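Trainee: Pulled from TrEMBL, these are the listed features:
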TRANSMEM  254-277  transmembrane segment
TRANSMEM  369-389  transmembrane segment
TRANSMEM  423-441  transmembrane segment
TRANSMEM  469-490  transmembrane segment
TRANSMEM  527-546  transmembrane segment
TRANSMEM  552-574  transmembrane segment
TRANSMEM  637-658  transmembrane segment
TRANSMEM  670-690  transmembrane segment
TRANSMEM  721-740  transmembrane segment
Amino acid sequence: TLIAPELPSIMADPWPPCDHDLYIELPSWPGLPYKRGLLTSMKMSGEMISLPPRHRYQRKYPYAHVGRTLCQPPTRTLTETQYFFVDVSTLSSLGTHYQLRISRVDSFTLHTDKKFSFTASPSQPQYFKYVFPDGVDTAIVKVNSEMTFPCSVMSIQDIQCPVYDLDNNVAFIGMYQTMTKTAAITVQRKDFPSNSFYVVVVVKTEDEACGGPLRFYPLQKCSICLCFSLTPLSPSFLPPLPPSTPPLSVSADVYVMGMLFCLGIFLSFYLLTFLVACVENKRSVDRVTVVYSKYIISYTLLFPLSERSLESVTGRSRQESLSSIEEDDYDTLADIDSDKNIVRTKKYLCVSDLARKDKRVLSKKYQIYFWNIATIGVFYALPVIQLVITYQTVVNVTGNQDICYYNFLCAHPLGNLSAFNNILSNLGYVMLGLLFLLIVLQRDIIHSRALDRNDLNALECGIPKHFGLFYAMGTALMMEGLLSACYHVCPNYTNFQFDTSFMYMIAGLCVLKLYQKRHPDINASAYTAYACLAAVIFFSVLGVVFGKGNMVFWIVFSVLHILATMLLSTQLYYMGRWRLDSGILRRIVYVIYTDCIRQCSGPMYIVIDNSSLTYIVWLLFCLSRAAYGLLKTPNDFASYLLAIAICNLLLYFAFYIIMKLRSGERIQCMAMVCILFTAVVWGFALFFFFQGLSTWQKTPAESREHNRDCIVLSFFDDHDIWHFLSSIAMFGSFLVLLTMDDDLDNVQRDKIFVF
């Protein structure tokens with residue numbers, strides 16, 4: 001057909017039967033110059049639809065074909081005939097040849113569990129229709145492409161005209177997300193009154209929105225071949241329903257099974273704990289009966305109770321002790337009774353030397369850890385919950401699926417939540433944290449009763465029992481579950497610190513608890529500890545916001561990291577008996593001169609084969625981590641900082657176990673079982689953690705390339721399994737800290753070494 005500026009072409013055509021849709025296309029005319037563009041519009045049912053000007057799409061992208069699928073208008077009767085008008089015009093000064101092709105779309109309706117392939121380009125968007133079958137309330141629309149680029153947009157829109165299928169209006173209504181190779185949107189029947197929706201695919205002219213370069217695509221590379229698939233959320237294990245029973249909501253069955261599975265796993269730990277407690281209680285009753293019988297015999301035949309000494313509590317005599325609390329063992333200094341300065345008068349330290357303060361004072365000191373973290377948790381969680389609710393509301397209102405980095409291939413919505421399964425899997429942290437608090441409470445009650453009846457073992461034997469840090473650890477685990485659930489409401493880089501803040505807390509509290517076991521009098525106060533942890537979280541936020549590719553930030557952080565490591569190692573080695581003031585350099589030179597040059601003496605105190613070597617190894621490790629961060633500048637600063645905290649904890653824990661065994665102590669069966677079980681669970685947990693189902697370090701479209709299908713009950717993905725296993729592993733780690741020194745409950749404190 002030939003068209004000129006003064007002679008536009010107007011045609012009218014009837015609409016086909018309602019089972020099909022129309023596709024109108026202007027293919028290229030051989031030899032036609034690109035500068036002779038065409039403007040085509042269609043009018044039907046009061047709506048005007050335009051095709052992009054042929055040969056120049058968005059002013060600078062040449063295409064030879066343009067096409068649009070016409071929106072099917074509603075018909076009042078089956079016999080009614082409706083017409084649409086096609087208007088073709090050009091602004092070229094010369095006559096322009098064109099071809100107008102109108103075809104019927106036979107495969108316009110998509111079907112469940114059937115793949116459908118099609119081709120789209122920036123000038124030829126495509127959309128199709130899907131109708132919910134009976135018994136299906138939720139479906140996942142998946143689109144795959146063999147090519148990473150060009151960048152595309154998939155949109156889910158309600159059945160209405162016009163359909164927004166252009167790059168400049170596809171985000172106006174419905175849900176949408178950018179894609180490179182994979183996209184998936186979970187659609188619920190309740191959101192579409194007509195029980196059907198349109199699936200729209202628009203190819204962008206630039207790849208910048210998907211993380212690619214801003215580039216020009218030549219003519220032969222402008223199209224993209226995609227494959228649709230729709231999967232209902234239907235588990236295969238459900239029994240068939242009787243004919244008289246109405247079909248159940250399939251998605252509801254999946255949700256019920258997922259919640260029962262989650263509750264069953266963690267309630268089993270409550271049951272197991274109850275059974276172990278019953279067994280231990282029976283053993284303790286039998287043991288007390290045997291000991292009491294032996295004591296009555298010895299009292300009657302040998303000596304009265306007033307002559308009984310603590311030597312019967314342990315097999316080692318008091319003369320074998322390297323340390324005692326008799327005054328003859330100390331120099332007659334004025335500060336002999338000072339709890340910290342006692343280290344100046346002894347070459348070997350035992351727990352009795354660092355457990356001289358009043359037990360009631362220390363108990364109140366360590367209870368502050370619990371009350372402080374409970375207060376911090378309340379004030380931290382309330383604005384977090386409000387913020388993530390706002391995030392979810394924005395996602396639901398705008399339909400922009402690029403705001404949150406879900407695993408869209410396994411995101412099960414519930415109510416207003418887009419990924420309920422990722423939130424539900426955090427229940428383990430809360431339930432196991434509460435269980436740990438109950439276990440600690442039981443031990444606290446038993447110990448308090450022993451103190452009330454002046455039990456000699458509770459007063460003079462074993463590691464001093466202070467439960468404040470244990471309560472804080474259990475509370476931190478519960479808060480980690482709550483804040484991790486909040487983060488997974490809408491995971492992205494702006495709220496990643498919600499998921500990691502209490503991980504830093506847990507790592508720090510575990511280190512403090514390990515140190516407190518052998519240094520109960522000189523452990524850090526709650527205010528100092530939480531202030532240091534707050535500084536760590538502050539740098540974590542700065543690193544997430546400013547650390548990516550910022551060498552200045554990494555230099556400042558590395559310098560502060562090295563200085564903090566040196567100060568902390570000095571504090572631990574000298575047990576707080578040093579001062580950071582203007583005379584520090586003079587004192588360092590004096591110590592080097594007197595101890596190393598003049599006398600070549602050893603360190604201020606000796607702790608089991610020279611523990612200074614351990615501090616040197618730890619210092620070198622921290623320095624190497626700081627150097628690695630400075631040289632490599634990892635993009636994920638929060639994970640890098642968390643790795644430092646966890647590695648420090650593991651290093652200190654390994655040192656504690658080694659020194660405990662070298663000191664002649666042993667690990668009881670229960671503690672050994674907890675250690676082995678926890679190590680195995682941590683191994684499996686880390687495997688699932690490193691699967692990387694999404695990453696907010698990339699664009700949303702690139703992140704979706706890492707998405708994977710559900711692996712458990714068609715409801716939980718790899719990251720959910722990480723939540724399950726890591727909560728169990730943390731619970732096991734806490735039990736290890738709680739039980740690892742139970743073998744010392746009958747050993748005098750002046751025979752328990754400090755390390």
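Note: Cβ is positioned from N, Cα and C throughout, glycine not excepted.
Curation does not apply to TrEMBL; its annotations are automatic.
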Trainee: Rank 423-441, 469-490, 552-574, 637-658, 670-690 by Cβ pairs under 8 Å to the transmembrane segment (721-740) and hand me the top one.
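Mentor: Looking only at 423-441, 469-490, 552-574, 637-658, 670-690, the most contacts with the transmembrane segment (721-740) come from 670-690.
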Trainee: Examine the transmembrane segment (423-441) against the transmembrane segment (552-574) and state whether at least 3 Cβ pairs sit under 8 A, considering only residue pairs 6 or more apart.
Mentor: no
Trainee: Looking only at residues six or more beyond either end of the transmembrane segment (670-690), which have a C-beta under 8 A from one in the stretch?
Mentor: 718-719, 721-722, 725-726, 728-729, 732-733, 735-736, 739-740, 742-743
Trainee: Is it the case that the transmembrane segment (637-658) and the transmembrane segment (469-490) touch, counting contact as three or more CB pairs under 8 Å in which the residues of each pair are 6 or more positions apart?
Mentor: no
Trainee: Quickly jot the same-chain residues contacting the transmembrane segment (254-277) by Cβ under 8 Å, restricted to those at least six beyond its ends, or write none.
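Mentor: For the transmembrane segment (254-277), the nonlocal Cβ contacts are 233-235, 412, 414, 420-421, 424-425, 427-428, 431-432, 435, 438-439, 442, 712-716, 724, 727-728, 731.
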Trainee: Residues sitting near the transmembrane segment (552-574): Cβ under 8 Å, six or more positions beyond its termini, same chain?
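Mentor: Here the qualifying positions are 515, 539, 542-543, 546, 580, 603-604, 612, 615, 618-619, 622-623, 625-627, 629-630, 633.
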Trainee: For the transmembrane segment (369-389), give me same-chain residues lying six or more residues beyond its boundaries with a C-beta closer than 8 angstroms to one of its C-beta atoms, as numbers and ranges.
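Mentor: Beyond its ends, the transmembrane segment (369-389) has Cβ neighbours at 468-469, 471-472, 475-476, 479, 482-483, 486-487, 489-490, 495, 498, 501-502, 505, 509, 526-527, 529-530.
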